[in-house]
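S.K.: This is the structure, below, for whatever I ask next.
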Amino acid sequence: MANLRKTHPLLKIANDALVDLPTPSNISAWWNFGSLLGLCLISQILTGLFLAMHYTSDISTAFSSVAHICRDVNYGWLIRNLHANGASFFFICLYLHIARGLYYGSYLYKETWNIGVVLFLLVMMTAFVGYVLPWGQMSFWGATVITNLLSAVPYVGNSLVQWIWGGFSVDNATLTRFFAFHFLFPFVVAGATMIHLLFLHETGSSNPVGLNSDADKVPFHPYFSYKDLLGFIIMLTALTMLALFYPNLLGDPDNFTPANPMVTPPHIKPEWYFLFAYAILRSIPNKLGGVLALLSSILVLMVVPILHTSKQRGLTFRPASQLLFWILVADMLVLTWIGGMPVEHPYIIIGQVASVLYFSLFLVLNPLVGWLENKVMNW
């Protein structure tokens, strides 16, 4: 009799994705981040669900309800710290996952890559609306500043902003709808993840050497299920350490003050994982231009497959392109640093140079160097 996991309509899908999936035998730990992102999503949904049981999305009680969760709910402080720092780990894994894709040419699976960029945008939106919920100073002013960017849209901008606010400023209606969105989006992300996996399993994973691996595949279980399990243990240990020993390390002290529309914080800035995009936004001394640059900083990932000029897939055997990749990593770190700095000399010019370099690397330098490497190989 055939095995149930190979015949049952539902188990067959899980089996083809997690047990009998033919996997390249040489994929490294850089291929662990997909499953780690899945773990992050599950952990965020679970901790978020328990937080939502005690949270109230009303401006008069939101801040107090979060304090109540931390003080009075059994292990509420732990659930909240895991949820807040879990978001940071989510983005760490996201950035490493995208970096892996850029380094090893995974973006040549265009459908998988484009769904991935959409997922990235969805997770960013989820994190943004979630940051507003504790209704601290930085929650309120972050929401005000970022939603205000929509007023740069020609003709309909102001109407659009008031429509999102549900009034003439960030107020009760805004908080209520942001809570609704924050509850909904993770499930949309989970659905999009299924599509992401569906497209990935049409082609199979790429691998570190960038060659066809059909001749050398192994079953996903037990080899990579155990390898993923090791990644899970490492990440959960790191998350627990952060949540228990340094729970407020990555947060903003301003968010311990209840939201006050009458007092603007001296430096309005988003969470650390948005600082690179925020720096690009601030580098352009024009509202619409800044908003377009902000959008482009993420959407530029969509054009990476179109601008691939090299005959080789990954950067494993392309030292010149490797150099550009690591310059991009350094540039992202510089932008992250600048995003958290006040708008004054010399930070303004550093941010502008870093922003120009960011787009140049994607749109000009990488395709150019790929083309040059082809020439050198033929020579």
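Backbone N, Cα and C atoms are what each Cβ position is placed from, and that goes for glycine too.
Swiss-Prot lists these features:
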{"type": "BINDING", "residues": "His83, His182", "note": "heme b b562 binding site"}
{"type": "BINDING", "residues": "His97, His196", "note": "heme b b566 binding site"}
{"type": "BINDING", "residues": "His201", "note": "ubiquinone binding site"}
{"type": "TRANSMEM", "residues": "33-53", "note": "transmembrane segment"}
{"type": "TRANSMEM", "residues": "77-98", "note": "transmembrane segment"}
{"type": "TRANSMEM", "residues": "113-133", "note": "transmembrane segment"}
{"type": "TRANSMEM", "residues": "178-198", "note": "transmembrane segment"}
{"type": "TRANSMEM", "residues": "226-246", "note": "transmembrane segment"}
{"type": "TRANSMEM", "residues": "288-308", "note": "transmembrane segment"}
{"type": "TRANSMEM", "residues": "320-340", "note": "transmembrane segment"}
{"type": "TRANSMEM", "residues": "347-367", "note": "transmembrane segment"}
S.K.: Which residues of the same chain, at least 6 past either end of the transmembrane segment (226-246), have a Cβ under 8 Å from a Cβ in it?
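M.R.: Counting only partners 6 or more residues beyond its ends, the transmembrane segment (226-246) has Cβ contacts under 8 Å with 29, 32-33, 35-36, 39-40, 43, 78, 81-82, 84-86, 88-89, 93.
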S.K.: Measure from the CA atom of His196 (heme b b566 binding site) to the CA atom of His182 (heme b b562 binding site) and give the result in Å, rounded to a whole number.
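M.R.: Here the two Cα atoms lie 21 Å apart.
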S.K.: Rounded to the nearest Å, what's the C-alpha distance separating His83 (heme b b562 binding site) and His196 (heme b b566 binding site)? Just drop the number here, would you?
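M.R.: Taking the Cα atoms only, His83 (heme b b562 binding site) lies 24 Å from His196 (heme b b566 binding site).
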S.K.: Are the transmembrane segment (113-133) and the transmembrane segment (347-367) close enough to be called in contact, which here means at least 3 C-beta pairs under 8 A that are separated by 6 or more residues?
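M.R.: Touching, no - the transmembrane segment (113-133) and the transmembrane segment (347-367) miss the threshold of 3 or more Cβ pairs under 8 Å.
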S.K.: Express the distance between the Cα positions of His201 (ubiquinone binding site) and His97 (heme b b566 binding site) as a whole number of Å.
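M.R.: Computed Cα spacing between His201 (ubiquinone binding site) and His97 (heme b b566 binding site) is 17 Å.
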S.K.: By the count of other Cβ atoms within 10 Å, pick out the sparsest of the binding-site residues His83, His97, His182, His196, His201.
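M.R.: Checked His83, His97, His182, His196, His201; of these binding-site residues, fewest Cβ neighbours within 10 Å: His201.
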S.K.: Going along the chain, which residues at least six beyond the ends of the transmembrane segment (77-98) come within the CB cut-off of under 8 Å?
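M.R.: Distal contacts: 30, 33-34, 36-37, 40-41, 43-44, 47-48, 50-51, 66, 69-71, 116, 120, 123, 127, 130, 235, 238-240, 242-244, 247, 250-251, 271-273, 301, 332.
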S.K.: Short question: which residues 6 or more past the ends of the transmembrane segment (33-53) have a Cβ under 8 Å from it?
M.R.: 69, 79-80, 82-83, 86-87, 89-90, 93-94, 96-97, 100, 182-183, 186-187, 189-190, 193, 228, 231-232, 235-236, 239
